[in-house]
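> Submitted below is the structure of interest, expressed as structure tokens.
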Amino acid sequence: MDSIGSLDSTKPANNDVGNVPNGTASAIKNSLPATAITSTEATLGRHLARRLVQVGVTDVFSVPGDFNLTLLDHLIAEPKLTNIGCCNELNAGYAADGYARCRGVGACVVTFTVGGLSVINAIAGAYSENLPVICIVGGPNTNDFGTNRILHHTIGLPDFSQELRCFQTVTCYQAVVNNIEDAHEMIDTAISTCLKESKPVYISISCNLPGIPHPTFSREPVPFSLSPRLSNKLGLEAAVEAAAAFLNKAVKPVMVGGPKLRVAKASEAFVELADACGYPFAVMPSAKGLVPEYHPHFIGTFWGAVSTAFCAEIVESADAYLFAGPIFNDYSSVGYSLLLKKEKAIIVQPDRVVISNGPAFGCILMKDFLTALAKRLEHNNTAYENYARIFVPDGKPLKAEPGEPLRVNILFKHVQEMLSGETAVIAETGDSWFNCQKLKLPKGCGYEFQMQYGSIGWSVGATLGYAQAVRPKRVISCIGDGSFQVTAQDVSTMIRNEQNPIIFLINNGGYTIEVEIHDGPYNVIKNWNYTALIDAIHNGDGKCWTSKVTCEEELTEAIQTATGEKKDCLCFIEVIVHKDDTSKELLEWGSRVCAANSRPPNPQ
């Protein structure tokens, strides 16, 4: 028998762009009327600015460099576009990633090669997470292309294509704009491709072009009408018939949502299917936040051996499971240890359905399939009734003694109490993955983390971008000390832009997630005085408040201050915990991932 995810196996805020459905023709709305504009505004730079605003980007994250300075002049001249200057390109890219998670599209602006190759790690992360990010680079003067000249900010060769070649693997479209005649077409093609594919794109604009007027820029951009993706009608009917027959004969079927629900824009259809059929449903860890956790048939996170209590037992004992948008990688499968069987599964991808070991159906949109299937399934809540019988409510952490050193489970008990529809959670790569996964999200509470790419430090930039996009919600970020040291500088940008997130800096002296996978002296880091660092960054300019806590009493007081008199400030709370204080899930997960990483080579 074939297994899934085993060793023997061969979310978005309302916005016109972020919610462009795959299956229907959708114009991007809220654009300015297509009227003539003055010649001083009919420039390439202003056209790009207007187009960004039109598709939903009202903030761009940038680092200035001599090749993009003129372009930035024209971008900031657009009254509806705000430039957010970042401390480094990596964080600008992470911020565009976080912004895209909320708004449906984000943008960053950097300079040629030195900026581009700095931001590329963040763009790769956005690619892995199917996020539409527009990466704009100020490029060389048009007169230098095709010459034998060597430019600064390059590796010293007269070939300017190094940056382009690097971006080709982590973007779905690349536009090198070095000719004003076709600039309009290239920019529009890049942006529309970004939205249709839900992947990053790369746009390089020569440094001497942004201020040049051209007749193609003489009117406001006509709103995009993105070509709709449609399901193959006969294929859809056949897939639904086969899936309904498969599921209706099952005794205790279940549903599991995966991270590609976001790119398929199928979260609502998934919940409607659950309502119609009565099956219990879970989410894979990277899909947390994409479906409502307050739904009566939600049973938690399915993550193999580190699942929510009683969830894995129900999923893995089911005789049929429908996975919508899954990604089975080594992390989500806990070192390829899931107890799933292919012959029991229906795998629904954004444009494809595979049923058990049998037929596969292409050119079928997930949303269409789930909606049609809801009308064909018989109601069956057997698996949910089984879950309700065995379910025991979560225990509470042992009560802390007065002055007792703070434990991580006490910290997250208090974080849980802070959550509401007016908050959003950003979880950094590390033990925060597991602790935040256990949080129960109330209606309207956002949740984001980066599981597929897992780049430590992501959350600082992502908090900057998400907080800028999600105002007036308050962002609560849980960041480990090792990750924070990678990208700490852009707390400065949050203060500068009057953001008010609450950042819990969990200080346990090292890379705890890596300790549990494979320990060594390289996992110990130099301890910083984190609150003093943030105070120095604050430097009396802006609204910022810091606190260092070592016990529950101090934590309670700090949270009261952060949510009370300092609610308009960026609040940075350093939480001192023991270096070995981790979630039990990380201990289990780490040992299994270590085993997968340590497999010996197959005999040749």
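Just so it is clear, glycine is given a Cβ too, placed from its N, Cα and C backbone atoms.
From TrEMBL, here are the annotated features:
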REGION    1-22  region 'Disordered'
DOMAIN    43-147  domain 'Thiamine pyrophosphate enzyme N-terminal TPP-binding'
DOMAIN    240-357  domain 'Thiamine pyrophosphate enzyme central'
DOMAIN    450-575  domain 'Thiamine pyrophosphate enzyme TPP-binding'
BINDING   ASP481, ASN508, GLY510  Mg(2+) binding site
> Please list, in sequence order, every residue of the chain apart from ASP481, ASN508, GLY510 whose Cβ lies within 8 Å of the Cβ centroid of the Mg(2+) site.
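Near the Mg(2+) site, beyond ASP481, ASN508, GLY510, sit GLY480, GLY482, ILE506, ASN507, GLY509, TYR511, THR512, ILE525, LYS579.
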> Using Cβ-Cβ distances, find the residues under 8 Å from GLY510 (Mg(2+) binding site) that belong to the same chain and are at least 6 apart in sequence, listing them in sequence order.
ASP481, GLY482, ASN523, VAL524, ILE525, LYS579
> Give me the long-range Cβ neighbours of ASN508 (Mg(2+) binding site): same chain, 6+ apart, Cβ under 8 Å, in sequence order.
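Within the chain, ASN508 (Mg(2+) binding site) has Cβ neighbours under 8 Å at GLY480, ASP481, VAL577, HIS578, LYS579, ASP581.
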> What is the total of other Cβ atoms whose distance to the Cβ of ASP481 (Mg(2+) binding site) is within 10 Å?
25
> What does DSSP give as the helix, strand and coil breakdown of the domain 'Thiamine pyrophosphate enzyme N-terminal TPP-binding' (43-147)?
50 helix, 22 strand, 33 coil
